[in-house]
Amino acid sequence: EQVGDRSTGTRVVAGQIFHESEESDSHTEDDESFRSPEEEKESMLEELNSLEMSNLLNKNLEDVEIQKPVLTAIGGTADSEPCHFPFLFLEKEYAECTADGREDGRLWCATTYDYKRDQKWGFCETEEQSNKRRQMQEAEDVYQTGMKIFNESSKKAQKKEAYQYLLKAADMNHTKAMEKVSYALLFGDYLKQNIQSAKELFEKLTEEGSPKGQTVSVRVAVSYYAILSSVLLLTAGYRYWGGIGVLQSCESALTHYRLVANHVASDISLTGGTVVQRIRLADEVENPGMASGMLEEDLIQYYQFLAEKGDVQAQVGLGQLHLHGGRGVEQNHQRAFEYFNQAANAGNSHAMAFLGKLYSEGSDIIPQSNETALQYFKKAADMGNPVGQSGLGMAYLYGRGVPVNYELALKYFQKAAEQGWVDGQLQLGSMYYNGIGVKRDYKQALKYFNLASQGGHILAFYNLAQMHATGTGVMRSCHTAVELFKNVCERGRWSERLMTAYNSYKDGDSNAAVVQYLLLAEQGYEVAQSNAAFILDQKEASIVGENETYPQALLHWNRAASQGYTVARIKLGDYHFYGFGTDVDYETAFIHYRLASEQQHSAQAMFNLGYMHEKGLGIKQDIHLAKRFYDMAAEASPDAQVPVFLALCKLGIVYSLQYVRETNIREIVSHLDMDQLLGPEWDLYLMTIIALLLGTVIAYRQRQHQAILRPVGLRPAVPQQEPPPEHQPPQ
């Protein structure tokens, strides 16, 4: 664990570890050391085509100085002369073409500086170009109207209304509107699912050069289930990690996952990312009483009622739900601010701290203000609130509203960490890693990053991945780094599609749900793989051909099982046992059940192994081993005790019949010597026992006969009870 001093070339930003030699959107030197030129070229092509990484590319392009072409005037009084920028018109300078002074809205420019003096001018566009520009401006206005309705509303009916504006803008060839409508048609979001129309729109976008059209390569085969995701780096990373269609390579997977993880980590704010609900449909069916993490609509309304009545805890809870989203509630900073404000006015320190976070970060709803944030953080910290203490630590660490003071930052982070607040633990880890305000200590950094990761902080996973990828403070482990980076990648904004798919399934639209799950499954989401397989297994998706249902379900059960999902591993055994989507293969089924039993201690797998041992399917018949596995299943789960008891009863009967069948009864009776077994007078003993039993039966029957013939007058009198009062039950 002795590592070289990395005091130079490292920095910390919002709890993230960065090396000066790497940027969040570029390869590290470590990456380049193990990539071949072919992999470098492939990675760069994928990055250029990536839907989610396009923003990173734009950052680089902004640094490039783009020279504007020289414009030539068309018509007017100075046809074919170059436009002069800036030019003076009505005592105002113009650095570009303008429509001011014209009723038709056409753009024009002057060819000399002073238009009033020289009257030299011409159009910057033809009439056809002008008409097209005005149409696009109209389409932009319609698009912005739709997006405003969509962003300001949380109700499904209003979001559907917003998509009517987007449809109109898409019909006017507005690129962004076409992108959103194509996705909505593909996934069935707020519009009726129409994969063929989505395909046509994506092809049109591709022809017009839209990066999203190029990225979403929608291939419609004989069945529509073959809609795959594009060349997202996330997909490429998963394929290299699992060896799907390419040679398995941990280092290549690390390269791709790191690129996406850098993008996700840079997008994490003080208030944290959106909560991702990972709900497995198979678990909901197997355990109907198990909480899925979703809040029912009536329960949300109940909490809202409590909040309106002044219940502070309900106000804080609803504020956090709207701040992060999840559990059936959409992210809404406006609602979060309102609930936190109500609770803060009632003196709740947690609400004060979260108001500080909202003001510190700022948004379209809440203006950014370090001074206001600091006031709320101080009030909360003075009341011992760890969120407020962590907020003060951030203020002193980065000088937000106060002078930079590492000593005070460390003090407040330690107070927050002692109370288990993950933000405090994360920042302490970053300070120890980078030696900010303290002596550099990788062991301490690793300790605090591990603590923060147990609380589910995305940046903690990211920093741990960086340490394992570079071998800083720990032995380098590509496998561990990939798993950690994969965890970070799957918490990106695109993971919100999981909840959209789940809601589609709950609304009865299995086709829309399976398309969305299949798209996410290609990106390596185990939940999406298992849910897609479940829908296919139940034959609820009509867009998938009947002959392809089980083979595709088998494929995704296999991928989910490879990522450790127990139910998927058992399903693989079932498919090979019954021949669903494959040939009947008892030996392969036995292997899958054994893996689920040994690695995940599944009671169902143990029971199935007992049955296969009992019947001799895929393994030599062994009743003793069958009983052993049945007993193990009963010990592993209380739910298995009743079926195990019935199976053991059946096993006992079968074993007894088998013993009788294999034994010669006549031979046993002929060799049985009763005189030797019970003595020479065994018959007298037997007759005495029979006589005693006979006398007991006769005496019992006589007593019953006398009781029936007893006179009525000899019966004890029963006291008469008055009827109970009306409407009152008898005592």
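Cβ from N, Cα, C; glycine included.
Record features, source TrEMBL:
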| type | residues | note |
| --- | --- | --- |
| COMPBIAS | 19-41 | compositional bias 'Basic and acidic residues' |
| DOMAIN | 78-126 | domain 'Fibronectin type-II' |
| DISULFID | C83-C109 | disulfide bond |
| DISULFID | C97-C124 | disulfide bond |
| TRANSMEM | 682-700 | transmembrane segment |
Entry from the disulfide-bonded residues list C83, C97, C109, C124 having the most other CB atoms no farther than 10 A: C109
Can you grab the distance from C109 (disulfide bond) over to C97 (disulfide bond)? Cα atoms, rounded to a whole Å. 5
Under DSSP, the domain 'Fibronectin type-II' (78-126) has how many residues in helix, strand and coil? 4 helix, 15 strand, 30 coil
What Cα-Cα separation, expressed in whole Å, is found between C97 (disulfide bond) and C83 (disulfide bond)? 9
Averaged pLDDT score, the domain 'Fibronectin type-II' (78-126): 91
